[in-house]
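TrEMBL annotations:
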COMPBIAS  449-461  compositional bias 'Basic and acidic residues'
DOMAIN    49-75  domain 'Heavy metal binding'
DOMAIN    139-269  domain 'CusB-like barrel-sandwich hybrid'
DOMAIN    204-234  domain 'CusB-like three alpha-helical bundle'
DOMAIN    273-346  domain 'CusB-like beta-barrel'
DOMAIN    355-415  domain 'CzcB-like C-terminal circularly permuted SH3-like'
REGION    418-461  region 'Disordered'
TRANSMEM  7-27  transmembrane segment
Amino acid sequence: MSLNKKIAIPLIFLLIAAAAGGGWYLWQQKNAKTSTGKDAKVAQGKQLYTCSMHPFIIKDKPGTCPICGMELIKKIDGAAGSGPMTAEQKQQAEMIGHVSLSPTQRVMANVATIEVRRQDLNKEINAVGIVQFDQSRQAKVTAWIGGRIDRLFVDTVGSWVSKSKPVAEVYSPDLVATQQEYLLAVKSRDQLKNSPIASISQNGDGLVQSAKQRLLLFGVREKQIAELEKAGKPNIRLPIYTPLSGIVIEKMVQQGQYVNTGDQLFNIADLSNVWVEVEVYENEFPNVHMGQRVEIRSQSFPGKSFSGKVSYIYPFLDPKTRTVKARVEMPNPGMKLKPDMFVNAIIKVPLGSAIVVPVTAVLDTGTRQVVWVESSPGMFEPRDVKVGQQTDDKIQIISGINPGDKVAVSGGYLIDSESQLKGGGGQDHSKHTGKPAAPGQAPAAPAPPKHDGMKMDDMKM
(Lines of atoms letter the chains of each structure in order from A and count residues from 1; the text may use other names and numbers.)
(Lines give C-alpha, C1' and ligand atoms only; values in the text may rest on other atoms or scores of the structure.)
Protein backbone atom coordinates (compact mmCIF):
# COMPACT_ATOMS: atom_id res chain seq x y z
CA MET A 1 0.00 0.00 0.00
CA SER A 2 1.33 3.36 -0.98
CA LEU A 3 1.99 6.19 1.48
CA ASN A 4 -0.98 8.26 0.19
CA LYS A 5 -3.44 5.46 0.92
CA LYS A 6 -2.06 4.99 4.45
CA ILE A 7 -2.75 8.68 5.17
CA ALA A 8 -6.13 8.91 3.44
CA ILE A 9 -7.86 6.06 5.29
CA PRO A 10 -7.41 7.53 8.83
CA LEU A 11 -8.51 10.95 7.61
CA ILE A 12 -11.72 9.52 6.23
CA PHE A 13 -12.53 7.87 9.57
CA LEU A 14 -11.84 11.11 11.44
CA LEU A 15 -14.17 13.08 9.18
CA ILE A 16 -16.94 10.52 9.62
CA ALA A 17 -16.56 10.61 13.43
CA ALA A 18 -16.59 14.42 13.50
CA ALA A 19 -19.75 14.56 11.41
CA ALA A 20 -21.49 12.01 13.62
CA GLY A 21 -20.47 13.88 16.78
CA GLY A 22 -21.70 17.20 15.42
CA GLY A 23 -25.05 15.74 14.48
CA TRP A 24 -25.48 14.19 17.93
CA TYR A 25 -24.61 17.48 19.64
CA LEU A 26 -27.17 19.45 17.57
CA TRP A 27 -29.82 16.84 18.36
CA GLN A 28 -29.09 17.04 22.08
CA GLN A 29 -29.24 20.82 22.06
CA LYS A 30 -32.60 20.79 20.34
CA ASN A 31 -34.01 18.27 22.80
CA ALA A 32 -32.57 20.22 25.75
CA LYS A 33 -34.25 23.43 24.62
CA THR A 34 -37.52 21.64 24.12
CA SER A 35 -37.28 19.97 27.52
CA THR A 36 -36.27 23.21 29.22
CA GLY A 37 -39.17 25.03 27.66
CA LYS A 38 -41.56 22.36 28.75
CA ASP A 39 -40.12 22.31 32.29
CA ALA A 40 -40.32 26.08 32.45
CA LYS A 41 -43.94 25.99 31.42
CA VAL A 42 -44.59 23.32 33.99
CA ALA A 43 -42.72 25.31 36.63
CA GLN A 44 -44.68 28.44 35.76
CA GLY A 45 -47.96 26.63 35.86
CA LYS A 46 -47.37 24.44 38.92
CA GLN A 47 -46.45 25.26 42.54
CA LEU A 48 -43.36 23.54 43.93
CA TYR A 49 -43.07 22.34 47.51
CA THR A 50 -40.05 21.99 49.79
CA CYS A 51 -39.18 21.08 53.37
CA SER A 52 -38.44 23.93 55.76
CA MET A 53 -35.79 21.85 57.51
CA HIS A 54 -34.36 20.20 54.39
CA PRO A 55 -34.61 22.79 51.59
CA PHE A 56 -32.93 20.49 49.05
CA ILE A 57 -36.12 18.37 49.04
CA ILE A 58 -38.31 19.75 46.21
CA LYS A 59 -41.60 18.17 45.08
CA ASP A 60 -44.24 19.22 42.59
CA LYS A 61 -47.12 18.35 44.89
CA PRO A 62 -47.89 18.59 48.63
CA GLY A 63 -46.76 15.83 50.92
CA THR A 64 -44.32 15.04 53.68
CA CYS A 65 -40.55 15.23 53.79
CA PRO A 66 -39.00 11.79 53.21
CA ILE A 67 -36.31 12.60 55.78
CA CYS A 68 -38.04 14.18 58.78
CA GLY A 69 -41.68 13.59 57.99
CA MET A 70 -42.65 17.26 58.25
CA GLU A 71 -45.32 18.77 56.01
CA LEU A 72 -43.88 20.36 52.86
CA ILE A 73 -44.38 24.09 52.37
CA LYS A 74 -44.75 26.09 49.19
CA LYS A 75 -41.43 27.00 47.60
CA ILE A 76 -40.80 30.68 46.88
CA ASP A 77 -39.41 31.45 43.41
CA GLY A 78 -36.60 33.88 44.13
CA ALA A 79 -35.28 34.17 40.55
CA ALA A 80 -34.57 37.66 39.26
CA GLY A 81 -37.18 39.17 37.04
CA SER A 82 -39.98 37.05 38.45
CA GLY A 83 -41.95 40.15 39.44
CA PRO A 84 -43.26 41.29 42.84
CA MET A 85 -44.08 38.64 45.43
CA THR A 86 -47.65 37.86 46.27
CA ALA A 87 -48.98 38.24 49.82
CA GLU A 88 -48.62 34.50 50.34
CA GLN A 89 -45.04 34.59 49.06
CA LYS A 90 -44.23 37.46 51.40
CA GLN A 91 -45.62 35.45 54.30
CA GLN A 92 -43.48 32.50 53.28
CA ALA A 93 -40.43 34.77 52.99
CA GLU A 94 -40.99 36.08 56.50
CA MET A 95 -40.92 32.50 57.75
CA ILE A 96 -37.33 31.98 56.64
CA GLY A 97 -35.46 31.19 59.81
CA HIS A 98 -38.56 29.86 61.54
CA VAL A 99 -38.47 26.35 62.95
CA SER A 100 -41.53 24.14 63.23
CA LEU A 101 -41.57 21.36 65.82
CA SER A 102 -44.00 18.51 66.17
CA PRO A 103 -45.14 17.62 69.69
CA THR A 104 -42.85 14.57 69.66
CA GLN A 105 -39.83 16.58 68.57
CA ARG A 106 -40.60 19.24 71.14
CA VAL A 107 -40.70 16.74 73.98
CA MET A 108 -37.55 14.91 72.91
CA ALA A 109 -35.66 18.20 72.44
CA ASN A 110 -36.77 19.30 75.92
CA VAL A 111 -38.11 22.59 74.57
CA ALA A 112 -39.95 24.53 77.27
CA THR A 113 -41.53 27.99 76.99
CA ILE A 114 -42.73 30.64 79.39
CA GLU A 115 -44.84 33.74 78.93
CA VAL A 116 -42.89 36.99 79.12
CA ARG A 117 -44.02 39.28 81.93
CA ARG A 118 -43.01 42.56 83.48
CA GLN A 119 -41.91 42.17 87.08
CA ASP A 120 -39.75 43.72 89.77
CA LEU A 121 -36.11 42.84 89.24
CA ASN A 122 -33.74 42.64 92.18
CA LYS A 123 -30.05 42.13 91.74
CA GLU A 124 -27.99 40.44 94.42
CA ILE A 125 -24.34 41.34 94.80
CA ASN A 126 -22.36 38.66 96.61
CA ALA A 127 -19.28 39.84 98.46
CA VAL A 128 -17.02 38.90 101.33
CA GLY A 129 -16.39 40.98 104.41
CA ILE A 130 -14.68 41.18 107.77
CA VAL A 131 -16.35 42.09 111.06
CA GLN A 132 -14.81 45.19 112.65
CA PHE A 133 -15.32 47.20 115.82
CA ASP A 134 -17.79 50.05 115.53
CA GLN A 135 -15.33 52.91 115.83
CA SER A 136 -18.05 55.22 117.13
CA ARG A 137 -18.50 52.83 120.06
CA GLN A 138 -14.89 52.60 121.16
CA ALA A 139 -13.17 54.56 123.94
CA LYS A 140 -9.79 54.78 125.61
CA VAL A 141 -9.59 55.29 129.37
CA THR A 142 -6.65 57.56 130.23
CA ALA A 143 -5.19 59.09 133.38
CA TRP A 144 -6.44 62.66 133.79
CA ILE A 145 -3.82 63.28 136.46
CA GLY A 146 -0.50 61.72 137.41
CA GLY A 147 -0.42 59.41 140.44
CA ARG A 148 -0.47 55.86 141.73
CA ILE A 149 -3.09 53.22 140.83
CA ASP A 150 -4.17 52.23 144.32
CA ARG A 151 -7.13 50.08 143.29
CA LEU A 152 -7.86 48.20 140.05
CA PHE A 153 -11.38 46.79 139.56
CA VAL A 154 -10.74 45.21 136.14
CA ASP A 155 -8.16 42.44 136.08
CA THR A 156 -8.48 40.81 132.63
CA VAL A 157 -9.11 41.59 128.99
CA GLY A 158 -12.64 40.60 127.93
CA SER A 159 -14.25 41.78 131.15
CA TRP A 160 -17.50 43.69 130.94
CA VAL A 161 -17.42 47.20 132.42
CA SER A 162 -20.18 49.72 133.06
CA LYS A 163 -19.81 53.44 132.66
CA SER A 164 -21.59 53.91 136.00
CA LYS A 165 -18.96 52.00 137.97
CA PRO A 166 -15.26 52.90 138.43
CA VAL A 167 -12.61 50.74 136.78
CA ALA A 168 -9.76 52.03 139.01
CA GLU A 169 -8.84 54.52 141.75
CA VAL A 170 -5.77 56.75 141.62
CA TYR A 171 -3.98 58.53 144.46
CA SER A 172 -2.52 61.91 143.45
CA PRO A 173 -1.02 64.56 145.77
CA ASP A 174 -1.88 67.22 143.20
CA LEU A 175 -5.51 66.15 143.28
CA VAL A 176 -5.63 66.30 147.09
CA ALA A 177 -4.13 69.81 147.05
CA THR A 178 -6.66 70.99 144.46
CA GLN A 179 -9.54 69.63 146.52
CA GLN A 180 -8.28 71.51 149.55
CA GLU A 181 -8.09 74.70 147.49
CA TYR A 182 -11.68 74.19 146.45
CA LEU A 183 -12.85 73.68 150.03
CA LEU A 184 -11.04 76.87 151.11
CA ALA A 185 -12.63 78.78 148.23
CA VAL A 186 -16.08 77.56 149.28
CA LYS A 187 -15.43 78.57 152.89
CA SER A 188 -14.23 82.03 151.81
CA ARG A 189 -17.27 82.51 149.58
CA ASP A 190 -19.60 81.70 152.45
CA GLN A 191 -17.84 84.24 154.64
CA LEU A 192 -17.82 87.02 152.04
CA LYS A 193 -21.27 86.56 150.53
CA ASN A 194 -22.87 88.80 153.18
CA SER A 195 -20.34 91.63 152.65
CA PRO A 196 -21.98 95.00 151.83
CA ILE A 197 -19.29 95.53 149.20
CA ALA A 198 -20.40 93.85 145.97
CA SER A 199 -16.88 93.38 144.59
CA ILE A 200 -15.83 91.41 147.66
CA SER A 201 -18.85 89.08 147.55
CA GLN A 202 -18.39 88.46 143.82
CA ASN A 203 -14.69 87.73 144.34
CA GLY A 204 -15.60 84.78 146.57
CA ASP A 205 -17.70 83.25 143.79
CA GLY A 206 -14.82 83.68 141.35
CA LEU A 207 -12.42 81.76 143.60
CA VAL A 208 -14.87 78.85 143.88
CA GLN A 209 -15.40 78.65 140.11
CA SER A 210 -11.64 78.72 139.47
CA ALA A 211 -10.95 75.87 141.90
CA LYS A 212 -13.90 73.89 140.54
CA GLN A 213 -12.62 74.23 136.98
CA ARG A 214 -9.26 72.73 137.99
CA LEU A 215 -11.03 69.75 139.55
CA LEU A 216 -13.02 69.20 136.36
CA LEU A 217 -9.80 69.23 134.35
CA PHE A 218 -8.46 66.50 136.64
CA GLY A 219 -11.42 64.29 135.69
CA VAL A 220 -13.52 64.90 138.79
CA ARG A 221 -17.23 64.77 137.95
CA GLU A 222 -19.85 67.33 139.00
CA LYS A 223 -21.44 64.78 141.30
CA GLN A 224 -18.09 64.10 142.98
CA ILE A 225 -17.50 67.84 143.46
CA ALA A 226 -20.91 68.19 145.11
CA GLU A 227 -20.10 65.27 147.42
CA LEU A 228 -16.71 66.87 148.23
CA GLU A 229 -18.40 70.16 149.17
CA LYS A 230 -20.94 68.32 151.31
CA ALA A 231 -18.30 66.19 153.09
CA GLY A 232 -15.97 69.13 153.70
CA LYS A 233 -12.80 67.07 153.36
CA PRO A 234 -10.78 65.89 150.32
CA ASN A 235 -10.96 62.37 148.87
CA ILE A 236 -7.59 60.65 148.97
CA ARG A 237 -8.36 58.54 145.87
CA LEU A 238 -9.99 59.64 142.64
CA PRO A 239 -12.34 57.07 140.99
CA ILE A 240 -11.74 56.56 137.25
CA TYR A 241 -14.77 55.85 135.05
CA THR A 242 -15.06 54.62 131.49
CA PRO A 243 -17.04 56.85 129.06
CA LEU A 244 -19.12 53.90 127.79
CA SER A 245 -20.18 50.41 128.79
CA GLY A 246 -18.55 47.58 126.92
CA ILE A 247 -15.83 44.97 126.77
CA VAL A 248 -12.23 45.58 127.79
CA ILE A 249 -10.26 44.78 124.63
CA GLU A 250 -6.94 46.07 125.93
CA LYS A 251 -5.50 46.56 129.43
CA MET A 252 -2.29 48.58 129.85
CA VAL A 253 -2.02 49.12 133.64
CA GLN A 254 -1.41 47.14 136.81
CA GLN A 255 -2.38 47.86 140.41
CA GLY A 256 0.29 49.92 142.18
CA GLN A 257 1.66 51.30 138.92
CA TYR A 258 2.52 55.01 138.72
CA VAL A 259 1.01 56.77 135.74
CA ASN A 260 1.44 60.18 134.18
CA THR A 261 -1.21 62.49 132.84
CA GLY A 262 -2.47 61.13 129.51
CA ASP A 263 -1.26 57.53 129.97
CA GLN A 264 -3.66 54.93 128.52
CA LEU A 265 -5.19 52.56 131.04
CA PHE A 266 -7.87 50.61 129.14
CA ASN A 267 -9.38 50.27 125.67
CA ILE A 268 -13.13 49.67 125.74
CA ALA A 269 -15.44 48.59 122.88
CA ASP A 270 -19.21 48.24 122.75
CA LEU A 271 -19.92 45.08 120.71
CA SER A 272 -23.71 45.43 120.74
CA ASN A 273 -23.23 47.03 117.31
CA VAL A 274 -20.48 46.19 114.82
CA TRP A 275 -19.24 47.18 111.38
CA VAL A 276 -18.69 44.83 108.46
CA GLU A 277 -16.16 45.98 105.87
CA VAL A 278 -17.49 44.49 102.60
CA GLU A 279 -15.33 44.32 99.46
CA VAL A 280 -17.29 44.90 96.24
CA TYR A 281 -15.76 44.41 92.79
CA GLU A 282 -15.33 47.53 90.70
CA ASN A 283 -17.87 46.43 88.06
CA GLU A 284 -20.56 46.04 90.73
CA PHE A 285 -19.97 48.87 93.19
CA PRO A 286 -21.93 51.44 91.07
CA ASN A 287 -25.05 49.50 92.12
CA VAL A 288 -24.24 49.94 95.82
CA HIS A 289 -25.79 52.96 97.56
CA MET A 290 -26.13 54.34 101.06
CA GLY A 291 -28.97 52.85 103.06
CA GLN A 292 -29.23 49.60 101.10
CA ARG A 293 -30.07 46.55 103.13
CA VAL A 294 -27.38 43.89 103.40
CA GLU A 295 -27.76 40.29 104.52
CA ILE A 296 -24.78 38.91 106.44
CA ARG A 297 -24.10 35.19 106.84
CA SER A 298 -21.37 33.38 108.74
CA GLN A 299 -20.19 29.80 108.55
CA SER A 300 -20.11 29.85 112.34
CA PHE A 301 -23.92 30.10 112.38
CA PRO A 302 -25.32 27.93 109.55
CA GLY A 303 -28.84 28.84 108.54
CA LYS A 304 -28.80 32.14 110.44
CA SER A 305 -28.54 35.56 108.84
CA PHE A 306 -27.95 39.05 110.20
CA SER A 307 -29.27 42.28 108.72
CA GLY A 308 -27.57 45.65 108.32
CA LYS A 309 -27.42 48.77 106.16
CA VAL A 310 -24.73 50.38 104.04
CA SER A 311 -23.58 53.43 105.99
CA TYR A 312 -20.51 54.47 104.02
CA ILE A 313 -18.77 53.75 100.69
CA TYR A 314 -15.05 54.38 100.65
CA PRO A 315 -13.93 56.88 97.96
CA PHE A 316 -10.96 54.83 96.78
CA LEU A 317 -10.26 51.43 95.21
CA ASP A 318 -7.77 48.80 96.32
CA PRO A 319 -5.38 48.38 93.35
CA LYS A 320 -4.44 44.84 94.40
CA THR A 321 -7.89 43.33 94.81
CA ARG A 322 -9.70 45.73 92.42
CA THR A 323 -12.43 46.16 95.01
CA VAL A 324 -14.16 49.04 96.75
CA LYS A 325 -15.00 48.76 100.43
CA ALA A 326 -18.47 49.46 101.74
CA ARG A 327 -19.19 49.81 105.45
CA VAL A 328 -22.22 48.00 106.81
CA GLU A 329 -23.56 48.95 110.25
CA MET A 330 -25.58 46.31 112.04
CA PRO A 331 -26.77 45.24 115.48
CA ASN A 332 -25.00 42.30 117.05
CA PRO A 333 -27.49 40.56 119.35
CA GLY A 334 -25.77 38.39 121.90
CA MET A 335 -22.42 39.62 120.55
CA LYS A 336 -22.32 36.57 118.27
CA LEU A 337 -20.29 38.26 115.55
CA LYS A 338 -16.70 38.71 116.63
CA PRO A 339 -14.26 41.28 115.26
CA ASP A 340 -11.99 39.90 112.48
CA MET A 341 -14.52 37.17 111.65
CA PHE A 342 -14.97 36.45 107.92
CA VAL A 343 -18.55 36.68 106.65
CA ASN A 344 -20.47 36.55 103.37
CA ALA A 345 -22.55 39.56 102.39
CA ILE A 346 -25.51 39.75 100.03
CA ILE A 347 -26.37 43.29 98.93
CA LYS A 348 -29.87 43.49 97.50
CA VAL A 349 -30.20 46.06 94.72
CA PRO A 350 -33.75 46.89 93.51
CA LEU A 351 -33.69 47.58 89.76
CA GLY A 352 -37.37 48.46 89.37
CA SER A 353 -40.00 46.98 87.08
CA ALA A 354 -38.70 45.47 83.83
CA ILE A 355 -39.33 42.83 81.17
CA VAL A 356 -37.50 39.80 82.54
CA VAL A 357 -36.74 36.34 81.14
CA PRO A 358 -34.59 33.48 82.43
CA VAL A 359 -30.94 33.71 81.45
CA THR A 360 -31.24 30.43 79.54
CA ALA A 361 -33.69 32.05 77.10
CA VAL A 362 -31.04 34.39 75.65
CA LEU A 363 -28.49 32.99 73.19
CA ASP A 364 -25.40 35.20 73.05
CA THR A 365 -23.38 35.03 69.82
CA GLY A 366 -20.79 37.51 71.01
CA THR A 367 -22.11 40.22 68.69
CA ARG A 368 -25.84 39.99 69.34
CA GLN A 369 -28.38 38.32 71.61
CA VAL A 370 -31.19 36.15 70.24
CA VAL A 371 -34.41 34.87 71.82
CA TRP A 372 -36.59 32.20 70.20
CA VAL A 373 -40.26 33.21 70.36
CA GLU A 374 -43.12 30.76 69.81
CA SER A 375 -45.19 32.78 67.34
CA SER A 376 -47.78 30.02 66.95
CA PRO A 377 -48.11 26.52 68.40
CA GLY A 378 -45.00 24.60 67.39
CA MET A 379 -43.57 27.48 65.30
CA PHE A 380 -40.52 29.36 66.62
CA GLU A 381 -38.98 32.54 65.24
CA PRO A 382 -35.73 34.28 66.24
CA ARG A 383 -35.82 37.78 67.75
CA ASP A 384 -32.83 40.03 68.30
CA VAL A 385 -33.02 41.57 71.77
CA LYS A 386 -31.15 44.20 73.75
CA VAL A 387 -30.35 43.06 77.26
CA GLY A 388 -29.77 45.02 80.46
CA GLN A 389 -29.01 44.01 84.04
CA GLN A 390 -28.52 40.34 84.87
CA THR A 391 -29.14 38.54 88.14
CA ASP A 392 -28.22 34.97 89.01
CA ASP A 393 -30.97 33.39 86.90
CA LYS A 394 -32.80 36.27 85.21
CA ILE A 395 -31.91 38.95 82.70
CA GLN A 396 -33.57 42.25 81.81
CA ILE A 397 -34.81 42.72 78.23
CA ILE A 398 -34.75 46.35 77.09
CA SER A 399 -36.17 45.78 73.60
CA GLY A 400 -37.00 42.97 71.17
CA ILE A 401 -39.88 41.18 72.89
CA ASN A 402 -43.06 42.27 74.64
CA PRO A 403 -45.08 41.04 77.61
CA GLY A 404 -47.27 38.15 76.54
CA ASP A 405 -44.74 36.65 74.11
CA LYS A 406 -43.79 33.03 74.68
CA VAL A 407 -40.05 32.37 74.64
CA ALA A 408 -38.07 29.14 74.73
CA VAL A 409 -36.19 28.79 78.01
CA SER A 410 -34.67 25.40 77.21
CA GLY A 411 -33.73 23.74 73.94
CA GLY A 412 -32.98 27.11 72.33
CA TYR A 413 -29.57 26.05 71.05
CA LEU A 414 -31.09 23.03 69.32
CA ILE A 415 -33.77 25.18 67.70
CA ASP A 416 -31.12 27.65 66.59
CA SER A 417 -28.98 24.91 65.08
CA GLU A 418 -31.90 23.55 63.11
CA SER A 419 -32.61 27.04 61.82
CA GLN A 420 -29.05 27.17 60.49
CA LEU A 421 -29.54 23.86 58.71
CA LYS A 422 -32.41 25.38 56.77
CA GLY A 423 -30.51 28.62 56.11
CA GLY A 424 -32.42 30.67 58.65
CA GLY A 425 -31.47 33.66 60.72
CA GLY A 426 -30.32 32.21 64.00
CA GLN A 427 -26.81 32.40 65.30
CA ASP A 428 -23.82 32.40 63.01
CA HIS A 429 -23.00 28.69 62.68
CA SER A 430 -21.86 26.67 59.67
CA LYS A 431 -24.43 26.74 56.85
CA HIS A 432 -26.10 23.80 55.14
CA THR A 433 -24.35 22.88 51.89
CA GLY A 434 -26.92 20.64 50.23
CA LYS A 435 -28.16 21.57 46.71
CA PRO A 436 -31.80 21.29 45.61
CA ALA A 437 -32.63 18.58 43.11
CA ALA A 438 -34.84 19.01 40.05
CA PRO A 439 -38.56 18.22 40.51
CA GLY A 440 -39.35 14.56 40.16
CA GLN A 441 -35.72 13.49 40.48
CA ALA A 442 -34.08 11.84 43.44
CA PRO A 443 -32.32 14.46 45.54
CA ALA A 444 -28.58 14.50 45.59
CA ALA A 445 -27.08 13.41 48.89
CA PRO A 446 -26.41 16.56 50.89
CA ALA A 447 -23.09 17.24 52.50
CA PRO A 448 -23.45 16.52 56.21
CA PRO A 449 -23.65 19.75 58.21
CA LYS A 450 -21.23 20.44 61.04
CA HIS A 451 -23.73 20.03 63.83
CA ASP A 452 -22.86 18.60 67.19
CA GLY A 453 -25.32 16.87 69.40
CA MET A 454 -28.82 15.64 68.65
CA LYS A 455 -30.69 16.78 65.54
CA MET A 456 -34.37 17.37 65.07
CA ASP A 457 -34.53 14.80 62.22
CA ASP A 458 -33.11 12.21 64.60
CA MET A 459 -36.24 12.57 66.72
CA LYS A 460 -38.75 11.23 64.25
CA MET A 461 -40.70 8.40 65.81
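Any Cβ shown, glycine's included, is placed from N, Cα and C.
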Secondary structure content, the domain 'CusB-like beta-barrel' (273-346) (per DSSP, counts of residues): 6 helix, 42 strand, 26 coil
Composition by DSSP (helix, strand, coil) of residues within the domain 'CzcB-like C-terminal circularly permuted SH3-like' (355-415): 7 helix, 38 strand, 16 coil
Structural state census, the domain 'CusB-like three alpha-helical bundle' (204-234) (DSSP three-state): 24 helix, 0 strand, 7 coil
